[in-house]
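Trainee: I'd like to ask you about the structure that follows.
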């Protein structure tokens, strides 16, 4: 459902207003609740009643968001509505003096107007940008974040932890929310590249710790003295993932592609992301049965180490860098 919503968003986004866009996004959420309620093995009426509050909250959110949020300045500039773009940018910045930024946005858009879908596979800079986008999505999903979140309680049960699995899972959820809030503050202060490196490094360390714990446990070593290690490692993993890998690949994606090819590139990258996520989530239990959970986490850790090296050596910093300068960096021969 999330993948469908993302694809619909990219297809509809360039052609409709923000209010219409919010309504389009709302439709598939309503359909999800209805279809889930009808086809779930539990009582459909009970499930629909349970989901009523969430559905009402989502409806109110999208309506209020569509009514009170200004349209994208970039979208308005593309459509030639410069006055409306300036007004929208003023509202977003809470500042009437936005001429310089508006001029910067216009020049960035104009510089990419001659690019087409074919250029994604022909232009040196766009090919490199697409490669970076796809690899960042791979590093986002290959360490098994979807699988880890899906099997959180199972992991704690397998670890033999004395902490109740449902309590541990709730703690993980709270940490996830907290880390997302923190990451929104860090993105523009520390920079994208350094956060990605820190994110991958934290994930590498925490997954390595999980791997060591389960390898010891599976080999009959008494792990009671370190019963706390699984939950601490998972907290560190979620924290590390959310401060960088969770959002920054999408942020960078929005910076490296011109307006004319952004939708096509985003579609390709999104499909890559969800295919890998689905594959990892489905194969996780088979990997655990085949090689053991300790070895599985070790593989995830090695992938994160590779991600940290890749982000440090290849991914360029995009903070406060113009689209033109980013394209120059991408077109440099390596």
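Here, residue 1 is simply the first one shown, and the rest follow in order.
From the backbone N, Cα and C atoms, a Cβ is placed for every residue, glycine too.
Caution: TrEMBL annotation is automatic and unverified by curators.
So TrEMBL lists these for the protein:
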| type | residues | note |
| --- | --- | --- |
| DOMAIN | 1-319 | domain 'Major facilitator superfamily (MFS) profile' |
| TRANSMEM | 12-39 | transmembrane segment |
| TRANSMEM | 51-68 | transmembrane segment |
| TRANSMEM | 132-151 | transmembrane segment |
| TRANSMEM | 163-182 | transmembrane segment |
| TRANSMEM | 194-216 | transmembrane segment |
| TRANSMEM | 228-253 | transmembrane segment |
| TRANSMEM | 265-287 | transmembrane segment |
| TRANSMEM | 293-315 | transmembrane segment |
Trainee: Sort out for me which stretch, of 132-151, 194-216, 265-287, 293-315, has the most Cβ pairs below 8 angstroms to the transmembrane segment (228-253).
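Mentor: Going through each listed stretch, the top one turns out to be 194-216.
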Trainee: Under a Cβ pair cut-off of under 8 Å, which of the recorded stretches 194-216, 265-287, 293-315 contacts the transmembrane segment (132-151) most often?
Mentor: 265-287
Trainee: Any residues 6+ beyond the ends of the transmembrane segment (194-216) with a Cβ under 8 Å from its own?
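Mentor: 136, 139, 143, 158-159, 183, 186-187, 223, 226, 229-230, 232-234, 236-237, 239-241, 243-245, 248, 292-295, 297-298, 300-301, 304-305, 307-308, 311-312, 315, 317.
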